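> Feature annotation from Swiss-Prot assigns (6S)-5,6,7,8-tetrahydrofolate binding site to L121, G125, H126, L127, S355, P356, F357. What Swiss-Prot records for K230 is N6-(pyridoxal phosphate)lysine. Swiss-Prot lists H229 with the feature site 'Plays an important role in substrate specificity'.
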Amino acid sequence: MFDKTQTIADFDPDVWQAIVDEGVRQEEHIELIASENYTSPLVMVAQGSKLTNKYAEGYPSKRYYGGCEYVDKVEELAIERAKALFGADYANVQPHSGSQANSAVYAALCAPGDTVLGMSLDHGGHLTHGAKVNFSGKMYNAVQYGLNPETGLVDYEEIAALAREHKPKMIVAGFSAYSQVLDWQKFRDIADEVGAYLMVDMAHVAGLVAAGVYPSPVQIADVTTTTTHKTLRGPRGGIILAKANPEIEKKLNSAVFPGGQGGPLMHVIAGKAISFKEAMSDEYKAYQQRVVDNAKTMAATFIKRGFKIVSGGTENHLMLVDLIGKDYSGKDADAALGAANITVNKNAVPNDPRSPFVTSGLRVGTPAITTRGFGETEVVDLTNWMCDVLESLEAGNSEAVIADVKAKVLDVCGKFPVYGSN
C-alpha cells in the first residue's frame, strides 16, 4: 500500500532537488526559445492524475481493454474540442508528440521510397520534413525547398518547379524557424497540379491559428498536424486534424494505432482536453495577439540596433537573428545570453557557413514571455539587453555587461513570476 504521507523530497531527494532547481530556473530565467511555453496549473494537475494508470489501446468505444468508460469520455471531449477549436472534421488526439503525429501521416499517405517535398531544415523546416538524419529522409525520397536568397521568403516558384520535376506523393508545408505567414492556398494549388497530398505541420503556430491571428490550413490541407505545447500552451504531445475524408481518416487512425503506437497516454489526453477548452476563451485570443505584437516589437528593436532578421521581420511569434559576418557564432551568443539568464537557442540561418552545432544565428520567440505578462515596455528593454550582450562579445567587455544584464533580468523576473514560489 502506498504511504500517503510520503513526499518525493522524503523518498527521492535527488530527483526532488532537480525538480526544485528547474522550478527556480524557470522563475529566474527569461525563456525565449520559440518552441517553449508555460502550461497552466490545471493541465499539470491532469497530467499528474490517476488517469496515468489506465491502459486504453484502441479508440473510444473500440478498446482492447475493459474499464475504459471514463477515459473514453476524456478522449471524446479532447476530440470534440480539438475539432471545434480548429474547425476540423476529424481529430486524432493520441500521438505522443508532433514528430509521431507526422510519422503517422507519412505512414498513412505514403509508402517507403515515395517522394516527399518539404522545407529544408537549414532554411527553417523541421527534422520530419525530409532531413536526411530523420526517418522522413531515410525511408522516403525527400526533396527539399528553401527560401529565396534575396528576399528571405518562401519561394513558391521554386516549390512549384520542384513539384513538377519530382512529382511528389506528398508536399509538406510548415516550419520550425520561419517568421512570416505561409500561403496555404498556394501550397494547395501546387499539390493539386501534380496530384500530391498536402500535409501541413502547424506545430509552431497552432495557438495563433486557434485564436484567429494566423491563417488556418485545416480546411485547405488534406491533413494538418500540430504539437499541443508551443504556442498552443497545452501539455507536451501531438494531434492530427483533417477535413472530411473517410478513407484518409481510416488510414490515419490505423497509422497511429496499431501502426505506430500502443496505449495512449490518457493523463496527457486529459491535459490536451483542458488546454483546448482554455484556448476557446477570449482571454486566450487576446494572449495570442499579444504574442505576435511582442514579437514584432522585438524584431523592430533588433533591427533598430543594427541586427539583421531573416525575412526582414516577423508576422508570427518567432524570428531568426542572422549573425553571419559577426566575430562570434550562434553558439557563443547562446552561451553569453544564457549566462545572463536569458534562454535562447542557436540556430542555423540560410546559407550558414558554420556547422549545425555552431551556427550563425539565434532563434527567439515570445510565447513564454507573453504568458509571463511581458508587454511592449518589457520587450523593448529585454531586446536592448540582449543587443548589449551580443555587442559586448565583439567589444571585449562581455563579463561586466553580462553581470549587469543578469541583475536586470532577475529584477524583472521577480516582478513577473510564472507560477510563484514552489
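Using the three backbone atoms N, Cα and C, a Cβ is placed for every residue, glycine included.
Walk me through where these features lie, including what they touch and how far apart they are.
Remark: L121 ((6S)-5,6,7,8-tetrahydrofolate binding site) has L127, H129, A131, A348 as non-local neighbours, by Cβ distance under 8 Å and separation of at least 6 in sequence. DSSP assigns L121 ((6S)-5,6,7,8-tetrahydrofolate binding site) to a helix in the three-state reduction.
Its Cβ placed at the centre, K230 (N6-(pyridoxal phosphate)lysine) has 28 other Cβ atoms within 10 Å.
H229 (site 'Plays an important role in substrate specificity') falls within neither a helix nor a strand when secondary structure is assigned with DSSP, and so counts as coil. Non-local contacts of H229 (site 'Plays an important role in substrate specificity') by the CB criterion (under 8 A, 6+ apart in sequence, same chain) comprise S35, E36, N37, T39, P235, R236, G237.
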> Whole-number answer please: how many Å between the C-alpha atoms of F357 ((6S)-5,6,7,8-tetrahydrofolate binding site) and K230 (N6-(pyridoxal phosphate)lysine)?
23
> Check each residue in the chain of G125 ((6S)-5,6,7,8-tetrahydrofolate binding site) that is at least six apart in sequence and keep those whose C-beta is under 8 Å from its C-beta; list them in sequence order.
G118, M119, A131, Q144, V172, G174, F175, S176
> Between H126 ((6S)-5,6,7,8-tetrahydrofolate binding site) and K230 (N6-(pyridoxal phosphate)lysine), what C-alpha distance do you get in Å?
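A Cα-Cα distance of 14 Å.
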> Tell me, by DSSP, whether L127 ((6S)-5,6,7,8-tetrahydrofolate binding site) is helix, strand or coil?
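Assignment for L127 ((6S)-5,6,7,8-tetrahydrofolate binding site) reads helix.
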> The record names L121, G125, H126, L127, S355, P356, F357 as the residues that bind (6S)-5,6,7,8-tetrahydrofolate; what is their largest Cα to Cα distance in Å?
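Taking every pair among L121, G125, H126, L127, S355, P356, F357, the longest Cα gap is 17 Å.
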